[in-house]
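**Student:** Okay, here's the structure, questions in a sec.
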Amino acid sequence: MATGKINVSVENIFPLIKKFLYSDHEIFLRELVSNATDATLKLKHLTSIGEASVEYGNPIIEIKVDKEGEKIHIIDQGVGMTKEEVEKYINDIAFSGAEEFLDKYKDSAKDSGIIGHFGLGFYSAFMVAEKVEIITKSYTDAPAARWTCDGSPNFTLEEAEKETRGTEIVLHVAEDSTEFLEESRIEELLSKYNKFMPIPIKFGTRTETLPKPEDAKEEDPAPTQEVDNIINNPNPAWTKLPTELKEEDYKGFYRELYPMQFEEPLFNIHLNVDYPFNLTGILYFPKLTNDLSAQKDRIQLYQNQVFVTDNVEGIVPEFLTMLRGVIDSPDIPLNVSRSYLQADGAVKKISSYITRKVADKLASLFKNNREDFEAKWNDIKIVIEYGMLSEDKFYEKADKFALYPTVDGTYYTFEELQEKIKGNQTDKEDKLVILYASNKEEQHSYIEAAKNKGYEVLLLDSPIVPHLMQKLETSKEKISFTRVDADHLDNLIKKEDTQISKLSDEEKETLKTDIEKTINNKSYTIQMEAMDSNASPFIITEPEFLRRMKEMQQTGGGGMFGMGNMPEMYNLVVNTNHELVSEILNTKTTKKKERLINQSLDLARLSKGLLKGEELTNFIKRSYEMVK
Ligand code: ADP
Ligand code: MG
């Protein structure tokens, strides 16, 4: 028997392995199953090019938990190792056998799916085991070998009895890791990391019911048989070509990925590139609500069908992290920090490729089935609006299919909208005035007033829309967004027929002073306007600029203005052509005049949604008194 010291520069690497990767102990299984997969794929490759004269067959990988013996077994039917190979690949930690293999078969092994250099590798076994055994038989005629190591750098290596080709790893589970002796825990890990690995993985058996034989009696139970319990799907949808898949297959795969999601995805995007980097995957647009915090199911990152993480930050542009699905790429460096990732050239290219694919898919959905696209708009707009804000490349493409719905459910592209309102909604500086509402209920009276004048009113209600409007106003020429309750419309939009005021300037001045004195509130600026006599006598507006700043502060991005709390500022627009306004002016008793002003103001505040609490209670009480 040979004994020796593992060739490491650090005197004792195992305490280090344990300590530094404490939080990630569970990855040992991923590493060992990856090695078993590599070994099997290597054999597949060697047999396919005639380098190994053995039958490849239908190899599987088996995981066994021996709770009593406190052991976990990982058994494969792959290439195995000779004693010399164990010496070379296991004892010399710094050397990766996968690397040598890929190097040797450079040309033919490209697509073999061998992972190599995945993470910590074989030695991660020591994160959970106090002793590890390798019993292995090479696919060549060489005798089998057994290697053991108890966590110190000392190992033993000897010839062993093993008839069948392949490798068995035995982990003698350490006292502090007995959680991994629970079948449920292993099952959880297998389903997290190995659900889509390319070689079938067996974990236990399950009972399968067979059809009854024809001569069976009614009361006879159906026959059953024990079959291997294969926990993975070795051929997941993303590894196939888009032409091989139907809509149903994509939906089926979504359910496989997210068994707890009952809502169907809106559509999918199949990613498939091999130059200048390798990337496959399927992304799904889920139904999104405005509540972005409820985001549990995320995009999963795989490397050659091995799960790596569901934190794709830095790889996928931020606005697309709201999507779901799978990305698989051997070209993403995995053992580096996120900040490094963002600077990595390959990763940058991946990120912009994904952005482009998503934009193209959206553009084709818009073009090919606009009706359907409109129907889905509310569920996807957050992603698109966010993307337009954060990625200029995306903005350029999305500008052609981003939709602007009206309060009555007509969907315009920006260009169509411009065309529609041109000539009818321009201000004094010849800017197009785009009127919008953020809440149909709360701004109802203002919406109605605008519609009565023949204006288009958009319904823009996502939380980031104020930021997007800001961006549109700076990147497009001569447009401005104004909420319906931000200004009095006749003041805002250029009109041919200007109203003539029924009141003289002097009367207006008197009235203004009266109102100012009565309401005695600095938040209100009083404006006298000659409007249509049918328009409300008092209208409260909140300037667009201030309100939008406030909103932007709430949704982030406004911090740069450093404004803290912004003051409440309203305009009280008084329609000098309204009968009630004349009545206020002509009322002789101060008390009655004040009552009329206060009541009218409260009605205007009610309409704007500003009357609340005690003031509302008082208003209602007062109104009952009046109608009595
Ligand atoms: P890597 O997989 O990145 O090469 P590991 O530390 O995981 O690094 O494994 C080191 C080497 O040990 C592998 O490259 C391979 O040559 C050998 N090896 C590990 N596990 C097995 C196995 N189950 N069958 C055959 N060889 C194996
Ligand atoms: Mg490995």
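The backbone N, Cα and C atoms fix where each Cβ goes, and this holds for glycine too.
A TrEMBL annotation is a machine prediction, not a hand-curated record.
Grabbed the feature section from TrEMBL, which reads as follows:
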- Glu31, Asn35, Asp76, Met81, Ser96, Gly97, Thr167, Arg338: ATP binding site (BINDING)
- 206-234: region 'Disordered' (REGION)
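Relative to the rest of the structure, where do these features sit?
**Tutor:** Within the same chain, the residues at least 6 positions away from Thr167 (ATP binding site) whose Cβ sits under 8 Å from its Cβ are Ala36, Ala39, Ile75, Asp76, Gly78, Gly80, Met81, Ile134, Ile135, Thr136, Lys137, listed in sequence order.
Within the chain, the region 'Disordered' (206-234) has long-range Cβ neighbours (under 8 A, six or more residues past its boundaries) at 60, 187, 190-191, 194-200, 256.
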**Student:** What's the number of neighbouring CB atoms sitting within 10 A of the CB on Glu31 (ATP binding site)?
**Tutor:** 22
**Student:** Using DSSP, how many residues of the region 'Disordered' (206-234) fall into helix, strand and coil, respectively?
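**Tutor:** Split into helix, strand and coil, the region 'Disordered' (206-234) gives 0 helix, 11 strand, 18 coil.
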**Student:** Take the Cβ of Met81 (ATP binding site) and count every other Cβ within 10 Å, whichever protein chain it belongs to.
**Tutor:** 25
**Student:** Taking only the binding-site residues Asn35, Asp76, Met81, Thr167, which have a CB closer than 6 angstroms to any atom that belongs to ligand 2?
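**Tutor:** Asn35, by Cβ distance under 6 Å.
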**Student:** What does DSSP call Thr167 (ATP binding site) in the simple three-state scheme?
**Tutor:** strand
**Student:** Tell me the Cβ contacts of Asn35 (ATP binding site) under 8 Å, same chain only and six or more apart in sequence, or just say none.
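**Tutor:** Correct list: Gly121, Phe122.
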